[in-house]
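Following: one structure in structure tokens, then a few remarks.
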Amino acid sequence: MKRVFLIGYMGSGKTTLGKAYSAATGLQFVDLDWYIEERMHKSISDLFAERGEDGFRLLEQKMLHEAGEFENVLIACGGGTPCFFDNMDYMNHTGETVFLDVCPEVLFRRLKIAKAKRPLLANKTDEELMQVITSALEKRLPYYSKAKWRFNAEELESYAQIDRAVSRLNELIN
Ligand SMILES: Nc1ncnc2c1ncn2[C@@H]1O[C@H](COP(=O)(O)OP(=O)(O)O)[C@@H](O)[C@H]1O
Ligand SMILES: O=C(O)C1=C[C@@H](OP(=O)(O)O)[C@@H](O)[C@H](O)C1
Ligand SMILES: [Mg+2]
């Protein structure tokens with residue numbers, strides 16, 4: 001039985017790599033954000049707006065525990081998932097955890113064009129975005145560092161790079 005959790009900051013490639021890995025290997029893929037959106041029939045942005053971040057984190061934990069019961073699955077978490085409650089310990093007990101490690105400069109480049117649907121970043125200027133990324137990473141690193149594995153995910157720009165990342169991930173978790 002295989003249960004793998006991908007963790008890491010927003011834009012580190014959890015969704016991208018998870019989807020590609022699943023397509024290549026047939027391992028079932030669950031993106032926790034998509035799972036929450038489907039279960040609640042609402043977008044992550046709407047859930048943040050309606051419940052505030054605290055309300056979202058409670059919901060996220062509940063959904064993590066649901067998805068955490070699935071077998072033979074690769075779960076891409078949200079960037080904040082490991083950093084609330086005992087979620088990181090829960091994941092380490094329940095499966096393999098892989099931290100997608102990406103430097104702030106690369107995260108900035110990706111998130112600059114992909115911030116709209118991320119409520120914690122949506123209205124930030126470039127300067128604010130870089131500031132938010134560096135200070136959040138500092139706070140979150142102690143949680144991310146509890147992962148069993150650390151995976152360099154800085155090269156996810158082309159199909160070839162994604163293919164290589166899928167192979168590397170396969171070697172890591174098998
Ligand atoms: N060439 C690219 N390759 C991969 N991601 C890119 C690229 N350009 C921009 N991005 C953005 O970077 C983000 C990285 O991936 P995603 O898989 O969504 O990360 P996560 O799920 O960890 O937040 C995506 O939102 C994507 O839109
Ligand atoms: O880092 C965070 O706190 C968040 C990350 C998002 O997921 P991605 O990491 O997939 O963007 C999503 O769960 C929400 O916007 C909050
Ligand atoms: Mg994602």
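Each Cβ is built from the backbone N, Cα and C atoms, and glycine gets one as well.
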Same-site residue for ATP (record: TrEMBL; known: Gly11, Ser12, Gly13, Lys14, Thr15, Thr16; options: Arg39, Arg51, Arg57, Arg118): Arg118
Residue among Gly18, Gly79 sharing the substrate site, where TrEMBL lists Asp33, Arg57, Arg140 as binders: Gly79
Farthest-apart CA atoms of Gly11, Ser12, Gly13, Lys14, Thr15, Thr16, Arg118, residues recorded for ATP, distance in Å: 15
Neighbourhood of Gly11 (ATP binding site) by C-beta distance under 8 A, where only residues 6 or more apart in the same chain count: Gly79, Val102, Leu107, Arg110, Leu111, Ala114
Environment of Gly11, Ser12, Gly13, Lys14, Thr15, Thr16, Arg118, the listed ATP site - residues of the same chain whose CB lies within 8 A of the CB centroid: Gly8, Met10, Leu17, Ala76, Gly79, Leu100, Arg110
Densest Cβ neighbourhood among Ser12, Thr15, Thr16 (binding-site residues), 10 Å radius: Ser12
Alpha-carbon spacing, Asp33 (substrate binding site) to Thr15 (ATP binding site), which is rounded to whole Å: 9
Neighbour count (Cβ, 10 Å) for Gly79 (substrate binding site): 23
